[in-house]
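Below is one structure; the comments refer to it alone.
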Amino acid sequence: MLRIVSHLAEAQAELERICDRTHDDAVVHREASVREIVQAVQRRGDAALIEFTQEFDGFALQAENLRVSGAELDAAYQQIPKELLDAIRLAHHQIEAFHRQRVPKSWVQFGADGEVLGKRYTPVDRAGLYVPGGRAAYPSTVLMNAVPAKVAGVERVVITTPPGPDGSLNPAVLVAAQEAGIEEIYRVGGAQAIAALAYGTATIPKVDVISGPGNIYVTLAKKLVYGTVGIDSLAGPSEVLIIADRSANPRWVAADLLAQAEHDPLAAAILITPDLELATQVGFEVERQLQDHPRRLVTEKAIAHYGLAIVVDSLETAVKLSNQFAPEHLELEVEDPWALVEQVRHAGAIFLGSLTPEAIGDYVAGPNHTLPTSGAARYASALSVETFLKSSSLIEYTAASLQRVARAVDVLATAEGLESHAESVRLRQQSLDR
């Protein structure tokens, strides 16, 4: 089932096809539908949320139960096993420890004539986190979005997540939110939740930044509201690219490919190796492990359409292909991964060595698992504390420093036809010359 390609031109064409897998005519149609939803929420607020939640989630939402109650939050702790609570707490600790090390510090520097230049970082006032529902519950998504926002110092962080047909929310999601210090949670999902966060309703506050993954409707809604609010990214389906040599364990490689494919029918799982025998063995292992897979239909579809093994002449060629694809997750299951990593230019996250499956990064390693997809790793990075911060330049000039640059400002402003710019400096210089 895992197709093997050994011609370079064909491999490049396949990687391009996989990278563009969400760019189809259906997206254009969906964008029109999403625009209608967003505009309805902007106009009608809570009433539109109630209507769309009934239509899409099958739950008769009321304005008074949009927000999750304190009783529900308390009860969630009784609804999950202790082992899961312990795992959530371990993940929270690891993620927080990593992100605290990544907080940029404000700074100033002093020039020769006493001028002061610097940069000051401040958090946004409000952040809205989207946590998907649907096929699975994602407490890890809560932590990966909530922890950077809290570490950044955002004063008000709220969560939206879609309810089940009975209005319930997954207790693990509610527990993860509370462990991260968030108790303001709203039971609404989809494009309508993004619109509510962007424009505000009588119940849900307007925020400054929206983060969190979702389906195509959520992604399109984030695209539409960008500019009204900041967003983390426009995430596409998940993907892993594994570079492996003959030292790799084919069972482990197959398991890592399937771990990505089980996310979504559009997920991509790619192996690049200079070893044809390894590629063949991995293909056999993929089929064997699929037989009893609990998410076989989803996983099988992803492997059939976006699973691929590419056989190349060298590891150097493998890295070149990877850089062209710019994967969300890159695993280096090779004998000396640190020797190879220096050649990697574009990847959302890099997992070095056979004992570092991508799942470690999904849950407990600490670095963020919200990563650029669909080739965006060429220019974008993981969600971080900086997603919830903005910087302001600090500039203070003295008499001496103003005198030193005044003529240059005058000349440049005059050349651009901005006379008042030039005059604003001339007046000060004249005052200093008296």
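Every residue, even glycine, has its Cβ placed from backbone N, Cα and C.
The NAD(+) binding site annotation in Swiss-Prot covers Y130, Q192, N215. A 10 Å cutoff on Cβ-Cβ distances gives Q192 (NAD(+) binding site) a total of 29 other Cβ atoms nearby, all chains included.
In this chain, no residue six or more apart from E416 (substrate binding site) has a CB-CB distance below 8 Å. Summarising the annotation, Swiss-Prot assigns substrate binding site to S238, Q260, H263, H329, D362, E416, H421.
In the three-state DSSP reading, Q260 (substrate binding site) counts as helix. A sphere of 10 angstroms centred on the C-beta of Q260 (substrate binding site) encloses 30 other C-beta atoms. Sequence annotations record features per position, and here Swiss-Prot assigns Zn(2+) binding site to Q260, H263, D362, H421 based on sequence analysis.
DSSP assigns E328 (active site, proton acceptor) to coil in the three-state reduction, outside any helix or strand. Note: E328 (active site, proton acceptor) has non-local neighbours S238, E239, V240, A347, G348, A349, L371, P372, T373, A377, i.e. same-chain residues 6+ apart with C-beta under 8 A of its own C-beta. The active site, proton acceptor annotation in Swiss-Prot covers E328 (among others) and rests on sequence analysis.
Under the heading active site, proton acceptor, Swiss-Prot lists H329 (among others). Residues within less than 8 Å, Cβ to Cβ, of H329 (substrate binding site) and separated from it by at least 6 positions along the same chain comprise S238, E239, V240, L241, Q260, A347, G348, A349, F351, E358, G361, L371.
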Residue among the binding-site residues N215, S238 whose Cβ has the most other Cβ atoms within 10 Å: S238
Using only C-alpha positions, which one of H263, D362, H421 is spatially nearest N215 (NAD(+) binding site)? These are the binding-site residues in the record. H263
Where the record says S238, Q260, H263, H329, D362, E416, H421 bind substrate, what is the longest distance in Å from one Cα to another among those residues? 56
